[in-house]
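Student: Structure provided below as structure tokens; questions to follow.
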Amino acid sequence: VCAHHVRSCSSIRFVKSKYVCVFDKSAFKFSHQQRLFRTSAVSCGQIVQFKLSDIGEGITEVTVKEWYIKEGDSVSQFDSICEVQSDKASVTITSRYDGIIRKLHYNLDEIAYVGKPLVDIEIDASKGVAPEEDVVETPAMSHEEHTHQEIKGHKTLATPAVRRLAMENNIKLSEVVGTGKDNRILKEDILNYLAKQTGAILPPSPKAEIIPPLPKSETVPTAPKDKARKIPVPVSRPIVFSGKDKTEPITGFHKAMVKTMNAALKIPHFGYCDEIDLTQLVQLREEMKPLAQIRGIKLSFMPFFIKAASLGLLQYPILNASLDESCQNVTYKASHNIGVAMDTEQGLIVPNVKNVQVCSVFEIASELNRLQALGSAGQLGTNDLTGGTFTLSNIGTIGGTYAKPVIVPPEVAIGALGKIQILPRFNGKGEVFKAQIMNVSWSADHRIIDGATMARFSNLWKSYLENPASMLLDLK
């Protein structure tokens, strides 16, 4: 039945011929004497410009990284519209209205500005939505805010990032137990579920290439495990020579690095270097790795370095402080939010492990696994990337021994860790033995930290790592 206006009493008295199609008279039996039929031909939607709201942290522009909808799609409240990336983190923008997408104002990798239209949505005019009042204040929901997803008749609370992580790993959210508020499924829940199923904590990267094992007849004999003779394999990348200069805008995390380093170089740095004998720690880690694997945790040396630093900061709190812009006040931070510099495809990022002073080594390792997984997927939230009070940079995973790290404002100290090398050293009896040596390079803000304080902190940190059992005396 297709009709524009049909007015009826006991029988049909008027039908506008322009909109008449074939219909069944029995469909127009009414208990009332008069009724008006309205179809989509007469419904007039209202176009609302969905503007990008203030994301916070002083962000004024973002890069559109992915659209979850296209023109003509229907959306409901809390449906994901797109993912944008600022110079601090990735944020998922969700819809505030029920309607139809009529226009996308940006293409992928274009810059979107706060307060400017992001998409046009056609909404039902009968709902009486005030576009000027509602759209300007449209909230940009981050990964930490929840959305609803209907699964098997019940609502499961999960963010778009969590749903995507589950989809990439073929995990049904209905099978995951949420530990967040109102049983919300967190990223940690997905990672823990994945660890129990596969024994691995890191989700597979979409760009990773899986190389099948060689047949037994073609198996290459393994070389002896000698870290000192391990030859690094260069990364093979296609070389394209066009003969022309290329200019690209600085965006995303690279833009954040420009701002941070400009501010950092206003700080008068001084450096301090030393070497650490990690022979006992190497043995301890080898003993603990199987226990960590049972818990679904990949145990590296970094959790020990972070915990030892936290124990040292308890004795030297000036290294876990910040200085105001006027250099009149020093704020001693109660929490040890220790940042870890990570090299990712998006650039250098420094997420931090929160409240290390109350965390065990296993808890720190678990949090590092989570941050590494999200960092490699480009899904770190603002909360993961802000609030740091002290930083360690493990440059040794790539190579090198000494470095000159740059302080991350508003922090006042940073450490760079070199690679672990097998080198000859002398014991107390003058005998030569094989030692696992790592070099550390510290940088500190010389306005409030002197060299003696940095040296004493480094010596304490060194003693914890050279004698790991000594950390038991100060653990809480």
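Cβ atoms here come from the backbone N, Cα and C positions, even for glycine.
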Student: Check each of the ranges 206-227, 228-249 against TrEMBL and return the one annotated as region 'Disordered'.
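Tutor: Region 'Disordered', as annotated by TrEMBL, spans 206-227.
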Student: Where DSSP helix means H, G or I and strand means E or B, what are the helix, strand and coil counts for the domain 'Lipoyl-binding' (47-122)?
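Tutor: Computed counts for the domain 'Lipoyl-binding' (47-122) are 0 helix, 40 strand, 36 coil.
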Student: Looking only at the domain 'Lipoyl-binding' (47-122), report the model's average pLDDT.
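Tutor: Mean pLDDT across the domain 'Lipoyl-binding' (47-122) comes out at 83.
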